[in-house]
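Peer 1: The feature Mg(2+) binding site is assigned by TrEMBL to N157, D217. Taken from TrEMBL, the feature region 'Disordered' applies to 372-393. Residues annotated as transmembrane segment in TrEMBL: 6-29, 49-69, 75-94, 106-124, 136-153, 165-182, 188-206, 218-237, 243-264, 304-321, 327-345.
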Amino acid sequence: MNLPLLQTVLAMAVTVGIVYKLIPLLVKVAYFKDLYDKPDGERKLHDRYITYLGGVAIFIGLFIGFSLSGYAGQLQGFEFLSVAMIALFFTGLKDDLMGLSPSKKLAIELFAAVLLIAGCGAMISNFHGMFGIESIPVYVSIPVTIFTVIVVMNSFNLIDGIDGLAGGIGMIASLFLAAGFYSAGYTALMLLAIFTAVSLFGFLMHNFHPARIFMGDTGSLVVGLLLAFLTINYLGLSGNTEYAGLYHNASVILPVAFLAIPLYDTLTVFVKRLARGDGPFTPGKDHVHHQLLDMGFSQKQTTVFLYLVTILIGLLAISLSGLNNNLILGVIVLFMVSFLPTNGYKRSILKKLGIFDLDRHKQLQDLREERRTLVEEKERPTRQRAGQEKELA
């Protein structure tokens, strides 16, 4: 094994180790500082007090690990990407701990998007035939890029609703993108994608159901930014005539395929809420994972099911890579609408087929509520004692 490869492998091990070992410490800190996401018996699905500081471990492990790999300096504008990550990290941390208005959060997201454009040269300058559009001028490219960054970040943030879902989909998307960058010969971008996946793997060991910790906005904003950055760079590969890698013919549509679940979920949720007269960011139980849970899936089954859908859509897009990108997009949309059983008539059909037992699921919901109440009553004396210890300290 040559020295650079050994250094990279060791840096990956450091990343996993930091994330995995740091999370138990964060859980202890949350216990003494009362930094928990509390169950409400309604929209929130967990029935225990769970901290939302997982993003702290992801950020620290990823940042240190990738810096130790020796390839950070080879990534164009890494210092600007770092500033954007740090800005979003503290934005998410403040939102998790004290709350932050949507307008202030959006302002920081815009700042991060501008840094990617001005400092990293990450811009969408060509649609390569998508929707009949080829090259676009700079004054169009800039707002399109900013819009893409914000949509990807917020889509990833909104999908973080059940144990393991956002982390797993982020890991799958990162690995697909890493394979594409490897095929194209872009080592630094490939490794950034791999380190993103590796850090999420370390997090998932504590976040898969039943979760000990949540990602929080601290993690979802940072990971969402990295996925947006990787996506925009991947879209740029289509303009490279020397690129003849594995995904060459479908490089425009593939990032959409890898992030299909978050994008589909965000679009459908926003449309439903606006149709009801609600704000698009109004909390609700209308996400795709909520609908699958209502059909009788357990949290673990829902998460694994959406993992498989993400992988299938990615493989479908790759297998159709010789076709027109508009046709591939149409097939993906048709697959999503047909395959995700989220409509009422699909639920009734599946219930008649005996695939899902809604009555059993309602019983499970009642049991979950009873257990949440019991856990809350059991933990109250312990939490009061912890509060007294803090006052004495």
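Each residue, glycine too, has its Cβ placed from N, Cα and C.
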Peer 1: Please indicate, using numbers and ranges, the residues of the same chain that are 6 or more beyond the transmembrane segment (136-153) and have a C-beta under 8 Å from a C-beta there.
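Peer 2: Distal contacts: 88, 106, 109-110, 112-114, 116-117, 122-127, 220-221, 224-225, 227-229, 231-232, 259, 262-263, 266.
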Peer 1: Does the transmembrane segment (165-182) make contact with the transmembrane segment (218-237) through 3 or more Cβ pairs under 8 Å, each pair 6 or more apart in sequence?
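Peer 2: In this chain the transmembrane segment (165-182) contacts the transmembrane segment (218-237) - 3 or more Cβ pairs sit under 8 Å.
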Peer 1: Which listed stretch (6-29, 75-94, 188-206, 218-237) has the most C-beta pairs under 8 A with the transmembrane segment (106-124)?
Peer 2: 75-94
Peer 1: Which range out of 6-29, 75-94, 188-206, 218-237 gives the transmembrane segment (49-69) the most CB pairs under 8 Å?
Peer 2: 6-29
Peer 1: Using a cut-off of under 8 Å between C-beta atoms, tell me which stretch among 6-29, 188-206, 218-237 contacts the transmembrane segment (75-94) the most.
Peer 2: 218-237
Peer 1: Would you kindly list the residues that approach the transmembrane segment (188-206) from elsewhere in its chain, counting only those six or more residues past its ends and only Cβ-Cβ distances under 8 Å?
Peer 2: 8, 11-12, 15-20, 23-24, 54, 57-58, 61-62, 65-66, 69, 71-72, 74-75, 164, 167-168, 170-171, 174-175, 177-178, 181-182, 212-213, 215, 219, 223, 226-227, 229-230, 233-234
Peer 1: Same-chain residues six or more away whose CB lies under 8 A from the CB of N157 (Mg(2+) binding site)?
Peer 2: A166, D217, S220, L221, G224
Peer 1: Neighbour count, 10 Å Cβ-Cβ cut-off, for D217 (Mg(2+) binding site): what number do you get?
Peer 2: 24
